[in-house]
Amino acid sequence: MTQLFLEQALNGLQFGLMLFLLAAGLTLVFGIMDCINLAHGSLYMVGAYFVAAAAQAADSFWLGLGAGVAGTALLGLLLELSLFRQLYRRDHLAQVLATFALILIANESVRLIWGPAPLLLNPPESLAGPVEIAGFFYPAYRLVIIACGLVVAGLLYLLVAKSRIGMWVRAGAANREMTEALGINVRALFTAVFVFGAGLCALAGGLLGPLLAVQVGMGESVLILAFVVIIIGGIGSIRGALVGALIVGTVDTLGRALLPTLLRATLPADAAATLGPALASILIYLLMAGILFFKPQGLFPARA
Amino acid sequence: MLPRLTALAAALMLAGSVHAADKVKVGFVSTLSGPGAGLGVDIRDGFNLAVKQLNGKLGGLPAEVLIADDQQNPDVAKQATDKLLKKDKVDFMSGIVFSNIMLAVGPAVFQNQTFYISANAGPSQYAGEQCNPFFFNVAWQNDNLHEAVGKYVQDKGFKNVVIVTPNYPGGKDAVSGFKRYYKGKTEEIYTKLGQLDYAAELAQIRAAKPDALFFFLPGGMGINFVKQFVAAGLSRDTQLFAPGFSADEDVIKAVGAPMMGMFNSSHWAHDMDNAENKRFVAEFEKEYGRLPSLYASQGYDAALMMDAAVRDVKGNLADKKALQKALEAKRFKSVRGDFKFNANHYPVQNYYLRVIGKDGQGRVTNKTMGTIFTNHADAYAAQCKMK
C-alpha cells in the first residue's frame, strides 16, 4: 500500500510539473498583459510537432528537443509582434475570438503539413526501460521528466524572485500603469514574457510527446487543465501556478487511482463501477469550485 | 387523384424491378481522420483493393464508391449519410468503424431501404431485438473477440485478471463478453475514452499483482498503454491479453518489439492458409507497402459480399427481397475461410488465437496459434425476430 501510494505520488508530481510548465506562461500573459490566450495549447501542440520533426531529422531526442523549443520560441516572437500587440488594448471578447481562430488555424496547418495520423516520438533508447527505486520499478523516462520539471521550476523561481527582470514582471503583474510610469519598457517586457511562455509550452510538449501522442488537437484538453491551475493558483502568480499545478496533478492522479477502490469498498459493485470514473474525472473541477468559494482570487493573488 | 398516383408509383416500381441497374453505387462513410483514423483507412484500403481486383466492378456492373470522413463524430456521419442516401441514391452503404456512430446512422439507412454491409461496427442492439433485414455485419458481433480471449484465459487456468477498458458502451461490452467465458477473479479499471496517460492505472495494476491482464483500448489509447506498460516493467510478471483490435498491424507498427509475446484473438490472420487470403495479403502489400490488418480484411470481404449478391440478382438492385436473399446466401469466398450468416445477419464462424512474434523475414507481427471457438454464434441472436 505504501508502495502504491509512493508510485502514485511520483505520478502526480510528474503530471503536476508538466502542467506547471504550461500554466507558468499562461498565468504571466494573463496576469501581466491582461490577455486571454486560448492559443496557448496550440503552442504546446506546435512545440511537440517541432520537437518530433527535429528529433527525426537529427536522429537525437535531446537535439530535437532543443531545436523544437527554439523554433517554438521564434514562432511565439512572430505571433507577439504581428498579432498579440494588437490585442492587448482590446477587450477580452476580441482576444478570445482572435486566439480561438488561432487554434483552428494551428490545427489545420498541422494537419496539412504532417497529416492526420499521430507522429511517433520515441524517448532516448537508454531511458525506455524501468529503473528500480525503493523496491518497485518506475519508468526511467518519467523520472527524467520529473527532474527536468524541478530544474525549470527552480530556475523560474530564481528568475522571477531574484532577478531584475523578474522584479519588473512581478511589478507588471501587480500594477501595470505604475510600472510603465516608472519607465520600464513594458512593450519589450511583454514580448520577452510571451516568447518565454511559448518556449516552456514546447518544452512540455516535447517532454510529454514520447509518453502521450503527438497529434492534432492535443492542446485543447490540456489548455482547460492549465486554466484550472492558474485560477486555483491566482492569476499572474508563478508561485500560485506551481502550487496549483501540483495540487491538480496530485488530486487528479490520486482520484483516478484511489476513488474507484474506495467506492468499491463502500458501495455495490455496479454503482461503484459507474460512479468511480465519473467522480474521478470531475474531482479537480469540484476542487476548483471549493477553492474559489473560500478564496475567490485564488490561493496566491498577484494583485493583493 | 391519390389512387391514380399510387397506381402510377406501383407501375414505376414494377418497371424498375425488371430492368437491371447500369451501375452500383456504394456510400462509404468511415473514420478517416483523428486518433481512430488508422482503422477507417485500413477498411477503406481493403475495400478499394477488392474493387480494383474486380476491374472496378461489383457483380459485373461498374462500381462507384463515394467516400466520406465521419471524423469519429455521429453528427458528421449522419449528415454525410443523409446526403449519400437522398442525393446520390446509393445502393449499398459500408465503412463505419465505431458502434456509437453506427447506431446513430442506422435508422436513416434502414428507413431508406438501403442495405448496410458493416465491415466493422457490430453493436449488440442490431444483433438482438433491433435486428434489421437491411443490416448485415460481415466481420463479427462486438463481444465475440472478447469472448474468445475470456475462453482462452479460463482454459489456461489464470486466476486473477485485471481488465482495462474505456468507460463507454463498447468497453462495457468488452467486459461482459470476456466475463461470459472467464469465471475467475477480476478487477475492472475504467479509463476515460481517449485517455493517453496510464500512470495511475499502471500503479493500480502493480498493486493488484494479477497473473494476466486483459485490455481493450482501440487505436492510439492501446498504443500508449502498451508502451507505458512495458516502460513500467510490468511485462515481467503479467501476461498481456487483448482482442485482435488492440494487437494488429496499426498498434504493432507504433509500438514494435515490446509487443512480442502478447496473445490476442481474431477471426482472421494474415498467415491463414487459403488461396483467397494468400492473394489478398500479397496484393495488399504490393499496393500499399504494409501488411493488412483485420480491419483491411473486413473491408475486402465487404466488397466481395456486395459483388456476389449483385451478380446473384443479375444486377436487378430494385428487388430488395431478392437482394436480401442473395446477401444471406453468402456466395463469396472469404479470406478468413468458410463462414455463414446467422438469422440475425451476423457471422457464425471460427475464432483463433494469435501471438505476436517475429516472422520469417524478421518482422514483428501476428502468428496464428490455434482455434478457440469453432462455428461460434453471438449471444444475442435468439432475441432477433427478423422480419
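Every residue, even glycine, has its Cβ placed from backbone N, Cα and C.
Because TrEMBL annotations are produced automatically, they should be read as predictions rather than curated entries.
So that you can see what the record holds, here are the features copied from TrEMBL:
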TRANSMEM  A:12-31  transmembrane segment
TRANSMEM  A:38-55  transmembrane segment
TRANSMEM  A:61-81  transmembrane segment
TRANSMEM  A:93-114  transmembrane segment
TRANSMEM  A:140-160  transmembrane segment
TRANSMEM  A:181-205  transmembrane segment
TRANSMEM  A:211-233  transmembrane segment
TRANSMEM  A:240-259  transmembrane segment
TRANSMEM  A:271-294  transmembrane segment
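Within the same chain, the transmembrane segment (A:181-205) packs against the transmembrane segment (A:38-55): three or more Cβ pairs sit under 8 Å, each pair at least 6 residues apart.
Same-chain residues lying 6 or more positions outside the transmembrane segment (A:211-233) and placing a CB less than 8 Å from one of its CB atoms are 19-20, 22-23, 26-27, 30, 38, 40-45, 48-49, 51-52, 103, 106-107, 110-111, 116-121, 123, 141-142, 145, 205, 239-245, 247-248, 284-285, 287-288, 291-292, 298-300. Residues 39, 43, 46-48, 50-55, 102, 121-124, 190-191, 194-199, 201-203, 205-207, 210 of the same chain, all 6+ positions outside the transmembrane segment (A:61-81), place their C-beta atoms under 8 angstroms from a C-beta of that stretch.
When each of A:12-31, A:38-55, A:140-160 is scored by its Cβ pairs under 8 Å to the transmembrane segment (A:93-114), the top-ranked stretch turns out to be A:38-55. Touching of the transmembrane segment (A:240-259) and the transmembrane segment (A:12-31) is concluded from the presence of at least three CB pairs under 8 A, sequence neighbours closer than 6 excluded.
Within its own chain, the transmembrane segment (A:12-31) has Cβ neighbours under 8 Å at 37, 40-41, 43-44, 142, 145-146, 148-150, 152-153, 156, 169, 173, 193-194, 196-198, 200-201, 203-204, 207-208, 222-223, 225-227, 229-230, 233, 235-238, 240-242, 244-254, 302, counting only residues six or more beyond its boundaries.
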